[in-house]
């Protein structure tokens, strides 16, 4: 069996807060099936601990799927049942960065992932 990989495209978006809000994500990740990946979303231009951070998935030709959200003030999380056990959301308040770890990656995880407030 040949070598295969999974491509995760990462995009950040901010809506309805302030025009100077920025969410920065790396452009893409290339990982092997079965592996895990931890992706980041660095926030600036607003009070990081005041807003829920949401994560969303979009596969080619499909609609948006809400993965879950985390509140940076206390790390309270809510997950879409479908992504429980697949995604783990965390934050680092000191760097205003949110993280999403995806485990046991398969071809179904190849998608664009958005962080959003």
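Residue 1 is the first one shown; counting continues down the chain.
Glycine is treated like the rest: Cβ placed from N, Cα and C.
The disulfide bond annotation in Swiss-Prot covers 41-115. Residue 115 (disulfide bond) carries a strand DSSP state (E or B). All chains included, 27 other C-beta atoms sit within 10 angstroms of the C-beta of residue 115 (disulfide bond).
Under DSSP, residues within the region 'Framework-1' (20-49) fall into helix, strand and coil as 2 helix, 15 strand, 13 coil. Per Swiss-Prot, region 'Framework-1' is recorded for 20-49.
Look at Swiss-Prot and you will find 50-54 tagged as region 'Complementarity-determining-1'. Model confidence over the region 'Complementarity-determining-1' (50-54) stands at 96, taken as the mean pLDDT rounded to a whole number.
The list of residues near the region 'Framework-2' (55-68) in space but at least 6 beyond its ends in sequence, with Cβ under 8 angstroms from a Cβ of it, reads 41, 77-80, 82-83, 87, 89, 98, 100, 108, 110-116. If you look up Swiss-Prot, you'll see 55-68 marked as region 'Framework-2'.
Here the region 'Complementarity-determining-2' (69-85) has long-range neighbours at 48-55, 57, 91, 93, 96, 98, 103, meaning same-chain residues at least 6 beyond its ends whose C-beta is under 8 angstroms from one of its own. The region 'Complementarity-determining-2' annotation in Swiss-Prot covers 69-85.
Positions annotated as region 'Framework-3' by Swiss-Prot: 86-117.
Residues or ranges marked as signal peptide by Swiss-Prot: 1-19.
Mapped onto DSSP helix, strand and coil, the region 'Complementarity-determining-1' (50-54) counts 1 helix, 2 strand, 2 coil. Of all Cβ atoms in the protein chains displayed, 25 besides its own lie within 10 Å of the Cβ of residue 41 (disulfide bond).
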